[in-house]
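**Student:** Please find one structure pasted underneath; my questions will follow.
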Amino acid sequence: MSETETRPTNFIRQIIDEDLKSGKHSSVHTRFPPEPNGYLHIGHAKSICLNFGIAQDYQGQCNLRFDDTNPEKEDIEYVESIKNDVNWLGFQWSGDIQYSSNYFDKLYGYAVELIEKGLAYVDELTPEQMREYRGSLKEPGKNSPYRDRSVEENLALFEQMRDGKFKEGTICLRAKIDMASSFIVLRDPVIYRVRFATHHQTGDKWCIYPMYDFTHCISDALEGITHSICTLEFQDNRRLYDWVLENITIDCQPRQYEFSRLNLEYTVMSKRKLNQLVTEKLVNGWDDPRMPTVSGLRRRGFTSASIREFCKRIGVTKQENMIEFSSLESCIRDDLNESAPRAMAVLEPVKLVIENYEEGKVETLNIANHPNKPEMGTREVPFTREVYIEQDDFREEANKKYKRLVLGKEVRLRGAYVIQANRIEKDEAGNITTIFCSYDEDTLGKNPADGRKVKGVIHWVSADKALPAEIRLYDRLFTVPNPGAADDFAATINPESLVVKNGFVEPSLATAEAEVGYQFERTGYFCADNKDSSADALVFNRTVGLRDTWAG
């Protein structure tokens, strides 16, 4: 962090400041604990920036821990993807990567301790019976008929569970807390269940697995986490978090703090809905540039700096709110406006022939890579007798507000000459196929000698030297701000969320690196696709337009 940059403030940082000042903690230790059962999205990025950012700013530590207690839904592919996303966002975890599965032996021991204290019991209610016994927000729960088993019987049964003597769904270990609690999470929650599943870290060593609420708090304590930060849906779970730690023999007593999760307009972040988009092929995979996944945003051309800035701007509160999608777009637009070199691309070409320009001549023009940053240098752009311009940049007739090329009028080609449109050719359907022009040879890099004013400037590429490219125009995936609230969210998908154009780009883009942003002049910000683009077949993704077309 630079000296001029101010450290963000929020209620969590205020708590940390007080804890350090009072001597409650001498240092700060946070963690980011994803379950490896899917790809990270921008909501996770908010949590990553918060937890790793706090560790950075307070010269503390932040662990990356995989909460891997559900082997049927987890995969090493997700582990690797999450590691890559955290690194790409600009963060590095402290020490080795942690896994909750590293603590399975200790977790088993703590479960035995609860049984020995009379605070856990083996239950044989069916899942349906357990739901019935649990009660509701208005009705207290009922005690299981197995609740008062002896410590000895519970220990023996739990050992048999571990040894694989029971079928899945027939038996579990529950904490003995209070079936009449006003908090349903405290109504004797399940803390271990039988699962005959191969685990990606521990193989077939275990056939019983601890539940998240039991595992999470103990993992935090074993790692010396000082501030366990999670989203608001875990607010009630804090009571169970504290209960577990207060009733086992463990040194560290972390505290859990909750903040509001990210809700972003025009997208969904529910894992179930995102999975539906992929499995029903409504998008092209988890890294589709329309997806809110970190890999999708990265492929679209969002920079890690822009996502960090977005997370900084939206802040950290306990208040649930919906963030405008334009806020995210503003961050990447601000970033690329400063950093992206300029280039020219024509998405809907029409040929323009300069009749008084020498046939076969190729002129090399040096054009600035950035209008305000001479240190970014120049690039060579070939100029020839025939060029392509955008169809929208020409009209046969137009009013004075139209500042582009009009029949009989002049315009400047960006970085090149002033030209005048003299005549056109059309096909049988009436579409313009060719615009015939003349150029003023004495206007390269300067105004016409006779002082006439030429106000319009349009971009172009050489028809002979330009490279064909597939241009993917990405837009918001949904047509409504809150698609998750719709009865059928898939019905609100924006049919214009991907429009493909076959255009031409200037030759300098032949070596464009994937994910590196360019401003296609007068069009938007683009990057080469990180999967489909190659030297033989260029593919560019639109990251964001030059301005917010959804405003107002």
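Cβ from N, Cα, C; glycine included.
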**Student:** Per Swiss-Prot, which of 113-117, 268-272, 303-307 is motif ''KMSKS' region'?
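**Tutor:** Of 113-117, 268-272, 303-307, Swiss-Prot gives motif ''KMSKS' region' for 268-272.
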**Student:** If Swiss-Prot is the reference, give me the range from 34-44, 364-374, 375-385 marked as motif ''HIGH' region'.
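**Tutor:** Spelled out, Swiss-Prot records motif ''HIGH' region' over residues 34-44, not the other listed ranges.
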**Student:** For the motif ''HIGH' region' (34-44), what are the same-chain contacts with Cβ under 8 Å, counting residues 6+ beyond its ends?
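**Tutor:** For the motif ''HIGH' region' (34-44), the far contacts come to 66-70, 73-76, 78-79, 81-82, 85, 200, 212, 261-262, 264, 269, 271, 274-275, 286-287, 291-295, 297, 307, 310, 328.
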**Student:** Sort out the sequence-distant neighbours of ASN37 (ATP binding site) for me: same chain, 6+ apart, CB within less than 8 Å of its CB, listed by position.
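**Tutor:** Same-chain residues close to ASN37 (ATP binding site) (Cβ under 8 Å, separated by 6 or more) are ASN70, LYS73, GLU74, ASP75, TYR78, LYS271.
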**Student:** Would you report the average pLDDT that the model assigns to the motif ''KMSKS' region' (268-272)?
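**Tutor:** Taking every residue of the motif ''KMSKS' region' (268-272) together, the mean pLDDT is 94.
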**Student:** For HIS44 (ATP binding site), which residues in the same chain are close in space, meaning a Cβ under 8 Å from its Cβ, but six or more apart along the sequence?
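**Tutor:** Listed in sequence order, they are PRO34, ASP85, VAL294.
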**Student:** For THR231 (ATP binding site), which residues of its chain lie six or more apart in sequence with Cβ-Cβ distance below 8 Å?
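**Tutor:** The answer is SER47, GLU258, PHE259, SER260, ARG261.
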**Student:** Among all chains shown, work out which of the binding-site residues GLU35, ASP67 has the most CB atoms within 10 A of its CB.
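**Tutor:** Top count of Cβ atoms within 10 Å goes to ASP67.
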**Student:** If you run through the motif ''KMSKS' region' (268-272) with DSSP, how many residues end up as helix, strand and coil?
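**Tutor:** Once the DSSP states are binned, the motif ''KMSKS' region' (268-272) shows 2 helix, 0 strand, 3 coil.
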